[in-house]
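Annotated [4Fe-4S] cluster 1 binding site per TrEMBL: B:375, B:378, B:381, B:425, in sequence order. Summarising the annotation, TrEMBL assigns [4Fe-4S] cluster 2 binding site to B:385, B:415, B:418, B:421. Residues annotated as domain '4Fe-4S ferredoxin-type' in TrEMBL: B:368-395, B:406-435.
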Ligand code: SF4
Ligand code: SF4
């Protein structure tokens, strides 16, 4: 009788059925309605933007793993997520060549340089967006109207601008976002329009409703740490409410603050990026509240109307410090009784 | 915790909910397993100095007779599980890995296998010390794997008054139902054992913690408790690792055993339900421990169930009598799937602390060949560690070989290897394995 082959392994011999791919796949899935709404809203230019950043992000990741001789990691979907998220933060008329460069820097500078998935201290999509803001300030803050009648048949003129040229003037289409209207014109968009997303803005920022639903889906599947969006939105709401209470003529309502610009997208999909957020339970709250607070302060007192991106990047930078002071309390390390 | 635990049932913070997988065996009455023709009894079946053999080759022994004696206060004797002959005393492989000295017995064919070696005792007059001595003489050890001699757990230094005896009836490991069946079928012995153990540690009260998925067991135990017994059965939440000593104390008494201390230092002694049944059964008869109840289960077992297995039964014999796939590569786990260890060979015998044997043939593994990926910092491991450690940080330090920092700043030694962190990690990082290695390297460095 041949003895059975016996397998030796270390406990536990059981695993919860979840994997990195599964989590990331679900994040992509949750992003799809947000992307779909962007296309509905801004047409084929939005589609081209998302396709460009996603493709560039995936190729960049592939290139870097190749160069370093490591196994390919693109199957974990994280580069796809970075590409989609980056596109969602960009204005609809953003030239594709600029988007491609931003995507390249998002992955190379924001992720691969630190060692890839899990090692990046900053959200790569936001690194890409920060690059775009720094390198192409004008294109990064030029907004087009939503729902243009010819949006499904024609690209916005600037979309296809040749690399390293300045796009032709698109004045005919440009408009201000609700945030800009408030900051520079003291006009407050109705909360309902903001909630449903019938406003100009970056691709994925406009519909708070769709982002919330996507977030709830991920939370229900336990693939999103609900505490982070809760803390970011809570922090922003309370901060904004305080200012509004002191001077309601000068500051917008807290609802406006929550529903406008990149607040929802940032809270649900950016601040919650696993790699660049804390792992400690108390740290997660501190980090989220801090981002919410900073976003409002930057919006209210900074030179630009938006502040969410910088607030999250600052929050990312604080993570090591936050974690240091929020390590969980080990069982039996306090309350020595009868010893 | 207060309100939350009131709403959700008594428990400790964090932990995980693995599937129970108990349905194959929980309804089946305990059955007796036949005698293997050849029994292997390692002398070091317990934590502490190994027992010293009392028999010689070719000597005849009767079932129940002591065949090895305790060498000191921390050791326990071994009794013969069969009537038969000593075939020899040799180095044999054991489940722990290295070979150990073992007494090999051959059962006398056709013998009725009655327990002949008994010495009924009048326990009513015994002092606490005498009770503890009787428990030592019965060779009883903790049932869950660590094999800590029970009399040592009950022998508490005088300066630490014990107020509560906690009995662990949780059985939170998937597949295992031995304790469940013991509570149902031997409730009387369990309660009798608890009364004796309470006297031994001079506890004012005893609390039996049973998970809320075993209502029949709770009812069965309550039937045997008399009005003047200071014994209560308390329902705790079904959650892993609810059956770990420190977690159970937290759930039942809301006390924390200080790091590096024993439960008796906060007035508590914890014992397993099966141990209580053994005390209740063996002590009045003055009999030694020669068999125990073991859950044999898993997708590879044809006749899963709970069996009374003579100590010393070779694993191969046990598996053959329940039917298992001989050709497939299988993973054979001693204990439960969360904390049990795999065996390298089927020659190893069942010892006093083995609570379960689980067979997972290839393809039925509960963690099929996971691909290890980098930590994505999801924080899930931190959210489940019942001890409040930070497995993500610990793993990072382990990768950087910072073993000392792990111990000094991240409380590595408080990790009791429950496996919750590995269980949830989406990156399949073998966290517990890292921690085991780091702990043993630190121990080596210290010695
Ligand atoms: S194995 Fe250790 S680190 Fe992991 S959850 Fe259990 S106690 Fe915590
Ligand atoms: S569960 Fe795994 S992937 Fe998540 S933080 Fe812990 S070690 Fe990292």
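Along the chain as shown, residues are numbered 1 onward.
Heads up, the Cβ atoms here are built off N, Cα and C, so glycines get one too.
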Contacting binding-site residues, sequence order - B:375, B:415, B:425 vs ligand 1, Cβ under 6 Å: B:415
Binding-site residues compared (B:375, B:415, B:421) - highest count of Cβ atoms within 10 Å: B:421
Interface-proximal binding-site residues, chain A, C-beta separation under 8 A, candidates B:378, B:415, B:421: B:378
Cβ under 6 Å from ligand 2: qualifying binding-site residues of B:385, B:415, B:418: none
Closest of B:385, B:415, B:421 to residue B:375 ([4Fe-4S] cluster 1 binding site), Cα positions, binding-site residues only: B:421
Predicted model, mean pLDDT over the domain '4Fe-4S ferredoxin-type' (B:406-435): 94
Helix, strand and coil counts within the domain '4Fe-4S ferredoxin-type' (B:368-395) (DSSP): 10 helix, 0 strand, 18 coil
Cβ-based neighbourhood (8 Å from the centroid) of the [4Fe-4S] cluster 2 site, residues B:385, B:415, B:418, B:421 excluded: B:381, B:384, B:386, B:387, B:389, B:391, B:416, B:417, B:419, B:420, B:431, B:432, B:435
Number of Cβ atoms other than its own within 10 Å, given for residue B:381 ([4Fe-4S] cluster 1 binding site): 27
Inter-residue C-alpha distance, residue B:425 ([4Fe-4S] cluster 1 binding site) and residue B:415 ([4Fe-4S] cluster 2 binding site) (nearest angstrom): 16
Residue B:421 ([4Fe-4S] cluster 2 binding site): secondary structure state under DSSP, collapsed to three categories: helix
Which listed residue (B:378, B:425) has most other Cβ within 10 Å, given these are binding-site residues: B:425
B:415, B:418, B:421 filtered to the binding-site residues whose C-alpha is within 10 Å of residue B:381 ([4Fe-4S] cluster 1 binding site): B:421
Close in space, distant in sequence - residue B:385 ([4Fe-4S] cluster 2 binding site), Cβ under 8 Å, 6 or more apart: B:14, B:391, B:420, B:421
Number of other Cβ atoms within 10 Å of the Cβ of residue B:418 ([4Fe-4S] cluster 2 binding site) across all protein chains: 25
